[in-house]
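K.L.:
I have a structure here, written as structure tokens, and I will follow up with some questions on it.
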Amino acid sequence: MYYYLITLAVIALDQLTKWIVVQNMEIGQKIEVIPGFLYWTSYRNDGAAWSILEGHMWFFYLITVVVIGIIIYIMQKYAKGKRLFSISLAFILGGAIGNFIDRVLHQEVVDFVQTVWGNYYFPIFNVADASLSVGVVLMLVYVFVDDRKTKGIK
């Protein structure tokens, strides 16, 4: 059940950071955090992570509810006793719920983290997006490690 605490922490941090951005920054405003690398940039997104499929909100409502239900089912049925698996699902669930809250309440998602690598500007994202990414990476690690254990590889 500890994994639900991770989910709640992700949701709380996501919503708090978005609230701070909305209360203190104009849309489009940019604050340099680490010169030439990291900026807080107030942006609104009506698509998925990194602005994928902008303008199709009904699709995200439906998909997100289904995904949240599936993740909770998997957590209850299969994740018990599998620490890395349950943690990865907790991060994915927290990210999904964090952005879902924005979509339901505001019909858009608040994004604000912007990174720059030389001349490349990575798409602006938020804590929920980062949590989804961390969850997927942890899931891949779990699958790789579990596969090696199953095959008896050290």
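Glycine too: its Cβ is placed from the backbone N, Cα and C atoms.
So Swiss-Prot says this about it:
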TRANSMEM  55-75  transmembrane segment
TRANSMEM  84-104  transmembrane segment
ACT_SITE  Asp111  active site
TRANSMEM  124-144  transmembrane segment
ACT_SITE  Asp129  active site
K.L.:
Grab the same-chain neighbours of the transmembrane segment (55-75) for me: Cβ-Cβ under 8 Å, and only residues 6 or more beyond its ends, written as numbers and ranges.
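P.N.:
Here the qualifying positions are 3-4, 46-48, 86, 89-90, 92-93, 96-97, 99-100, 103-104, 107.
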K.L.:
Calculate the distance in Å between the alpha carbons (Cα) of Asp111 (active site) and Asp129 (active site), and round it to a whole number.
P.N.:
9
K.L.:
Which one, from the active-site residues Asp111, Asp129, has the smallest tally of other C-beta atoms lying within 10 Å of its C-beta?
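P.N.:
Sparsest of the active-site residues Asp111, Asp129 by Cβ contacts within 10 Å: Asp129.
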K.L.:
Which three-state DSSP class does Asp111 (active site) fall into?
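P.N.:
Assignment for Asp111 (active site) reads strand.
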